[in-house]
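Below: the structure, in C-alpha cells.
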Amino acid sequence: MRALTLLALLALAALCIAGQAGAKPSGAESSKGAAFVSKQEGSEVVKRPRRYLYQWLGAPVPYPDPLEPRREVCELNPDCDELADHIGFQEAYRRFYGPV
C-alpha cells in the first residue's frame, strides 16, 4: 500500500515538473527579464513619503537650527554637556563660552 502511494506521488510530481518545463512564458515575461524592472515600475511599487519638499513643489524646506553648531561644541565638552542636562543648553553654553 505504501509503495503504491509513493509511486502515485512520484508520478504526479513528474507530471507537474514536465508541465512546467514545457510551458512558454507569457508576452510580458518574454519581452523583459523576469528579475529586472524599470525604474518607473519600481518607483510605483515602492512609494515612500518624502520628508522635505522643495519650496516650488508645495511645502517649504525646514530651516536648519542656528544653535546647532554651538550645541555640538557644548556636547564635545563633557562638563558643558553635563551642565546642559541639568540647566539647559543655552545657559550651560553661556556659562562656559559667553553669550549665545
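Here the Cβ of each residue, glycine as well, is placed from N, Cα and C on the backbone.
Quick look at what Swiss-Prot lists:
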type	residues	note
BINDING	GLU68	Ca(2+) 1 binding site
BINDING	GLU75, ASP81	Ca(2+) 3 binding site
DOMAIN	52-98	domain 'Gla'
MOD_RES	GLU68	4-carboxyglutamate
MOD_RES	GLU72	4-carboxyglutamate
MOD_RES	GLU75	4-carboxyglutamate
SIGNAL	1-23	signal peptide
SITE	PRO60	site 'Not hydroxylated'
Using the alpha carbons only, what distance in Å do you get between GLU75 (Ca(2+) 3 binding site) and the residue listed as 'Ca(2+) 1 binding site' once rounded?
10
Averaged over the domain 'Gla' (52-98), what pLDDT does the prediction give?
85
Using Cα coordinates, what distance in whole Å links GLU72 (4-carboxyglutamate) and ASP81 (Ca(2+) 3 binding site)?
9
Cβ-Cβ under 8 Å from ASP81 (Ca(2+) 3 binding site), same chain, 6 or more residues apart: which ones?
CYS74, GLU75, ALA92
Cβ atoms near GLU68 (Ca(2+) 1 binding site) (within 10 Å, other residues, all chains):
9
Least Cβ-crowded entry, counting other Cβ within 10 Å, from the recorded positions listed as GLU72, GLU75:
GLU72
